[in-house]
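Chemist: Have a look at this one.
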Amino acid sequence: MADIWNTVYEFVWSEQFWLAGNYTWDVLKNTDNGIYHPQIADLLTSVYLSIVVYTIRILFERYIFGPIGHSFGLKAIVKKAAPVPILENAFKQKKSPSNEILQHPHGISNHRLISSLAKQTDMTVRQVERWFRIRRNQERTPVFKKFCESSWRGLFYFFIFWYGVYLHLDKVWFYETMQAWAGWPHHHITNDVYWYYMIEAAFYISLLFSLFTDNKRKDFTEMVIHHVATLLLMFMSWTNNFVRIGTLVLLVHDAVDFWMESAKVAKYLGYDKLCERLFFIFMVVWVLTRMILFPFRIIRSTMFEAPTGIGIPTVGWCTMWSVYNFLLCILQVLHIIWFYYICLIAKDAFRGQDLYHPRNQKKIVSKISLSTTIILHCEGAIDQSFRQRAILCEFLDS
């Protein structure tokens, strides 16, 4: 058993994979030379800190964001449909039987199906339709809950972004990305960088934990994958001291998230005009950070500057360096796909296109965040004068 464990240990922590050249793990051990190298044990700090972050979130939602939401008339409780077994069984087969003309398996039209359900339950057709509407809304996350969650995330992204900007003002790699690699692996981790990484990791750990305690969302799987991938990238970059380029990646992504969460908050509170303006700012920041800075500054640095900065002609293809480049390129592909859908929504919004037309109800839009996906549901009709606002705001709903 001990031999198996040693084999697995040596495979997972292979120096040929994690470290470039002929370096060994001994180079990352801390001595009395004044340089602090990141240690794997440091990651436990982010785990403990995540409990603090999660506690702060609960306090903010309960005593600050909650009262604000209530003052704007947001309700925390969703009305529940009365338990009717016959209708519940029909609901499992079709959640919106009256929204479109479909055929029942036995050739009965939807209207006749609803009439049949009304007879079986001694209810009117209108009461059956109302029961289905309440039952559908029952599965949705209350707007009050969405408001509190977006307010908390927006507040965190605002402060962590500006803290990241302040932190990088005196960092040479912020102005010259080659310095993110020069002198590796002997990069000193200052206190501000240390806590920047730990707080960011703690936040994503708390988000991952909250997915299992909050109301389950439609994008639950995507959010789990996103948070796990983010944490893996942070932990791996900490392990082999790719921290400098890691701070730049965090800063670029934090820049856009605040504007998105702010637009969502404006939507939940009913400030449609403000939502439009914040959405426009969100698009501009997205282009600047994730379509320009991220690929042409950060990915370019990891692919072409890293080998030269590290001082080795080639760092190999089966190394952590190659894994980094692969993951960052995959992330950029997602950025491009998401930006394509953002442009579609913006175009439809400014043209006033009717997204409620049947041929437009098939559009699927990805949710913008280091990852996640939402679907733009186009249901019912809306007055033409509010249609442009609705298109933008519906995109931000989740």
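Every residue, even glycine, has its Cβ placed from backbone N, Cα and C.
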Chemist: Examine the ranges 119-143, 344-368 and name the one recorded by TrEMBL as DNA-binding region.
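Modeler: TrEMBL lists DNA-binding region for residues 119-143.
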Chemist: Sort out the residues at least 6 away from either end of the transmembrane segment (194-212), same chain, that have Cβ-Cβ distances under 8 Å to it, and list them.
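Modeler: For the transmembrane segment (194-212), the nonlocal Cβ contacts are 36, 42-43, 45-47, 49-54, 57, 156, 160, 163-164, 167, 220, 223-224, 227-228, 230-231, 234-235, 238, 243, 246-247, 250.
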